[in-house]
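In what follows, a structure is listed as structure tokens, so that the remarks can point back to it.
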There are 2 protein chains.
Amino acid sequence: MKKIAIGQAGGPTSVINATLVGFVKQTMSKCSLSFIRNGYDGLVHGEFIEGNDTTLQWITQHEKVPGACLGSGRYPLSDEEIEKAVRILREKRIDALVFIGGNGTMEALYKVGVEANRQGYDLQVIGLPKTVDNDLGCTDHAPGFGSAAKYVAQTTRDMSRDLHAMQNFEQVRILETMGRNAGWLAAASGFLKTYEEEGPHFIALPERQMNHEKLLQSVETALYRYGFAIVVVSEGVLWNQGAQVERDVVGGRSVLGGISKEIELYLKQELNIMARSELLGMNQRSYSLAVSSVDQSEAYFVGVTGADWIKEGRSGLMVAIERTKGLAYSIHLKPVALGAVVRAGERVMPDQFIDNLKSYYEWLEPIIGDHVSPYPPLFQMRDVKSS
Amino acid sequence: MKKIAIGQAGGPTSVINATLVGFVKQTMSKCSLSFIRNGYDGLVHGEFIEGNDTTLQWITQHEKVPGACLGSGRYPLSDEEIEKAVRILREKRIDALVFIGGNGTMEALYKVGVEANRQGYDLQVIGLPKTVDNDLGCTDHAPGFGSAAKYVAQTTRDMSRDLHAMQNFEQVRILETMGRNAGWLAAASGFLKTYEEEGPHFIALPERQMNHEKLLQSVETALYRYGFAIVVVSEGVLWNQGAQVERDVVGGRSVLGGISKEIELYLKQELNIMARSELLGMNQRSYSLAVSSVDQSEAYFVGVTGADWIKEGRSGLMVAIERTKGLAYSIHLKPVALGAVVRAGERVMPDQFIDNLKSYYEWLEPIIGDHVSPYPPLFQMRDVKSS
């Protein structure tokens, strides 16, 4: 009976457990499963959980639960630790190693595979994608992104209505999204925008140089026309041509957050208005009421497919999503070499989407799945007849 | 035909438009309606919108739309402005004035009624309650609160799962809720807590003195037992026995926000851990995916009832919610004098709820309405067999 170890790594998403459950349900009757706690940290420290009846039952209850139920986390592996990881897997006679994660996870998995190979140890490695930032290469999109995008889009539309009503008290709100160096999530904020007067009125993406003049102009125009302005900024946008705005550094990894506050202060000073910045925060990756049903089921089938590939003896691959050609949206899960994913690096938004957000939103629509239907138009100041 | 003017005031909620639509649908065929823009600001400045076919149709489309579609905002009325408001209403031959709002709104409405009376002008005034803070007196609860409480409760449960998975990177998250001087919303964060290990592990309410020792102890205990800790704090909690933490002052009104950051810095220093503070922000009052169906329909019927009372010639009243006695939850809408609401002032959480959160959650359950069923238990560190 094949022995498989599976773990989750990186920031959780609201559907990363769906991938785990898809994998487990497809595997549990045919293989011996063990679960790695807390991502690569647990792998290096030998924290494995036996896949007995109790744990299997417990895990399969998580199909619709956010967070990573095995524990996840960030843990950059040194070369020594990769060697150690391989030794541990070998001692445990693991035949296949599976990790659900993003760029960092795929790179580590690739290296583990190479090291096993070097030692002449026949280890299958399969990567299952997840990321809310959508910055994973070689796949049309990654599970987790659709739900996060839905959260950001709905938040922006709802806050437009809220701020519009408060304009005699507060005029500008700056919403900061996740995304690190990729603007997919920030750009998704405009997906539900139906009317000119609705926010966002300005979106700042990390792919482009911040343009203070254009920011100011867009906000002033919105204030003049609609009485309020919504600005959306990706956490990774560079301010003043300098560095990204950090709120913390943990284990050498920069925790971004604060660019929205810089913009708040700037706009207050330039325009003498009341502005408020908001980090949209961890709800982007965990809020269960915003889960996209399409994202949820794709996440699940990515897990199922990974399990099938293990059974077929495939290795060194990530399960990637490809859109099938045709009018209606449908996907095909295809193998890409882990090495290719590593070489592709962080995937930022392509120019054709940045320059034409409409085409981006057409691409995005099926991934976001069901969403609230459009609201009626906002009342505008110029409609009011003072008497 | 009776002439009615209606407006919305204070911070919007995700169901304040439902109250407006309930009122309008019950009234539109029998009365002449006009709409006041931007709350009391619009009243004093004569910004009225005629209730013609176009506007009536536009307004009734907002039943499930967050924000206040007429415009709302904060605008404290001086005595001169109250006189001016009454003069304007008189000139327009308004028979009845209706405002949807919270404490400040009811007080202004009461004063307008008193001033009209002094002038011998026969003006009906009716107040319709709304507040996410639930700090309005003389009513069991106010529309808007149930949906906000649902947002806070679901967020806390989901973030528990997220943070649990990230504990090798980040150990403490401090969530800051709305509520000003009342802890109803912050306390709601524990409503969906099913297991000891789930957050919140500490809740700070403005009704009680902040206890640093107890905060530290609760966080340390949670870190030791579960590896992570979720702290929830109401924006109005006093820090260091001093003042509330302000992020801004607009028109003399303090905009709260920042106590969670103080706690973050304090815990980082005392415990040498990674902590992150998050303001839950405007989604608490506007996120449409978190609307409680019960809250939504109660908001609607508060509007319908206000319309009936206007028809019956009643005045000087707020529509209050009373629970009917019996096993199943049901409500009765009863009149309370606006003067009594003003005298009652801001309603904070009563001691019996603070001292026994379980009884508070029993009280809260029907208002939150449908919610996601419990998650499976969290895996705990002590369950892991390292090998």
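Every residue gets a Cβ built from N, Cα and C, even glycine.
According to TrEMBL, the protein has these features:
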DOMAIN    B:3-304  domain 'Phosphofructokinase'
BINDING   B:Gly11  diphosphate binding site
BINDING   B:Asn103  Mg(2+) binding site
SITE      B:Lys130  site 'Important for catalytic activity'
BINDING   B:Thr131, B:Val132, B:Asp133, B:Met178, B:Gly179, B:Arg180, B:Glu235  substrate binding site
ACT_SITE  B:Asp133  active site, proton acceptor
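Neighbour list (B:Gly179 (substrate binding site), Cβ cut-off 8 Å, at least 6 residues apart, same chain): B:Asp133, B:Asp135, B:Leu185, B:Ala186, B:Pro206, B:Ser234, B:Glu235, B:Gly236.
Proximity to chain A (Cβ-Cβ distance under 8 Å) holds for the following binding-site residues out of B:Gly11, B:Asn103, B:Val132, B:Met178, B:Arg180: B:Gly11. Take the mean position of the Cβ atoms of B:Thr131, B:Val132, B:Asp133, B:Met178, B:Gly179, B:Arg180, B:Glu235, the recorded substrate site; other residues of that chain with a Cβ within 8 Å of it are B:Asn134, B:Asp135, B:Ala148, B:Thr177, B:Ala182, B:Trp184, B:Leu185, B:Ser234, B:Gly236. Here the C-alpha separation of B:Arg180 (substrate binding site) and B:Gly11 (diphosphate binding site) works out to 12 Å. Within 10 Å of B:Lys130 (site 'Important for catalytic activity'), as judged by C-alpha distances, the binding-site residues found are B:Gly11, B:Asn103; the full candidate list was B:Gly11, B:Asn103, B:Met178. Of all the binding-site residues in the record (B:Gly11, B:Thr131, B:Val132, B:Met178), the one with the smallest CA separation from B:Asn103 (Mg(2+) binding site) is B:Thr131. Residue with the densest Cβ environment among the binding-site residues B:Asn103, B:Thr131: B:Thr131, by other Cβ atoms within 10 Å. A Cα-Cα distance of 11 Å separates B:Met178 (substrate binding site) from the residue listed as 'diphosphate binding site'. Cβ contacts within 10 Å of B:Gly11 (diphosphate binding site), excluding its own Cβ and spanning all protein chains shown: 26.
Recorded residues B:Val132 (substrate binding site) and the residue listed as 'diphosphate binding site' have their alpha carbons 8 Å apart, per Cα-Cα distance. Cβ neighbours within 10 Å of B:Lys130 (site 'Important for catalytic activity'), excluding its own Cβ and spanning all shown chains: 32.
When the binding-site residues B:Asp133, B:Glu235 are compared by the number of other CB atoms within 10 angstroms of each CB, B:Glu235 has the fewest. According to DSSP, B:Asn103 (Mg(2+) binding site) sits within a helical segment. Just so you know, of the binding-site residues B:Val132, B:Met178, the Cβ with the fewest other Cβ atoms around it within 10 Å is the one at B:Met178.
Under the three-state DSSP scheme, B:Val132 (substrate binding site) falls in the coil class. In this structure the C-alpha atoms belonging to B:Gly11 (diphosphate binding site) and B:Thr131 (substrate binding site) are separated by 8 Å.
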